């Protein structure tokens, strides 16, 4: 493999210089942690030739290069098995790019081929069900997402060991849907099931373990337990900085999540510092209309909103809304979230007619897509009542 170093001390040369001095220590061939991580990644990238290269490109977030490769492989595919695999991989990369409708289309083409050639309980069908569930989750159709994730779990619980990382992935995914639905106890239950498996199965510096810490931290954050949330988010960041390239989207997510805790704690300068780190990576790593970029703009807008800088807040909220209107279905809950935030700014600025208009848009979407008991619906109704009293 290529030369690998561990980063030691980092020192700025002087106050005026943008240059830093970094102490690097060359890893040796008997570095146990590095060997475990390398061996694990080799196991996960399990195909040969160009297919192996495609899997690696997806794993490191190089979606455009992966698409070029898989489209070329599709032209050369000589049998249904190869075509099903390539359609599946194209679905993965479109999902990674935030193009969910196209992702669903590729996954369904893959599923159609697999159903002609495989029994209903075959593990390959489970993987496709899992990814289709992920697309519906990203599109905000949570009931559909749960439906496909349950199909996945049913197959995997029969086919796999109770300690298999693939089963952990399914528990993790359905936990994410419950989190999105506001059922935090269910979300934590499935995230912890997933984490227990991953701790046994993976090296301590594996990116999937980092993601697991991140997800548990997210539930604690939503529950208002900020010290617990920060504890898990910092564990995630520690692993992610070691395991992934410096411009990987997962590193941006880690910065974003730590920022969100500081934001909730009222430490706005710290929140802005970490949100800007997130935005810097996200702008480089993702498509300009990717929903994650919209989230980055939205979050920075939220900090300015909390600081009382309403013109700045509106600027970033509108950047976020512009992307979401292009990238998401018209009834996606994230659109409602944007409308709610913009309505709040207009309310704070005293423009109650504009506030009421956008808040009603938010409520209409939420009532179509979320359970009637979801806390966001209660928040939006409360905001509308408040604005009406002010008018």
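Each residue, glycine too, has its Cβ placed from N, Cα and C.
Since we're looking at a predicted model, the values are computed, not measured.
Here is what TrEMBL says about this protein:
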- 47-80: repeat 'TPR' (REPEAT)
- 84-117: repeat 'TPR' (REPEAT)
- 126-159: repeat 'TPR' (REPEAT)
- 168-201: repeat 'TPR' (REPEAT)
- 210-243: repeat 'TPR' (REPEAT)
- 252-285: repeat 'TPR' (REPEAT)
- 294-327: repeat 'TPR' (REPEAT)
- 336-369: repeat 'TPR' (REPEAT)
Cβ-Cβ under 8 Å with the repeat 'TPR' (336-369): same-chain residues at least 6 beyond its ends: 140-142, 294, 298, 301-302, 305, 308, 310, 313-314, 317-318, 320-321, 324, 330, 376-377, 379-381, 383-384, 386-388, 390-391
Intrachain residues whose Cβ lies under 8 Å of the repeat 'TPR' (294-327), provided they are six or more past its termini: 98, 252, 256, 259-260, 263, 266, 268, 271-272, 275-276, 278-279, 282-283, 288, 334-335, 337-339, 341-342, 344-346, 348-349
Tally of DSSP helical, extended and coil residues in the repeat 'TPR' (252-285): 32 helix, 0 strand, 2 coil
Mean of pLDDT values spanning the repeat 'TPR' (210-243): 94
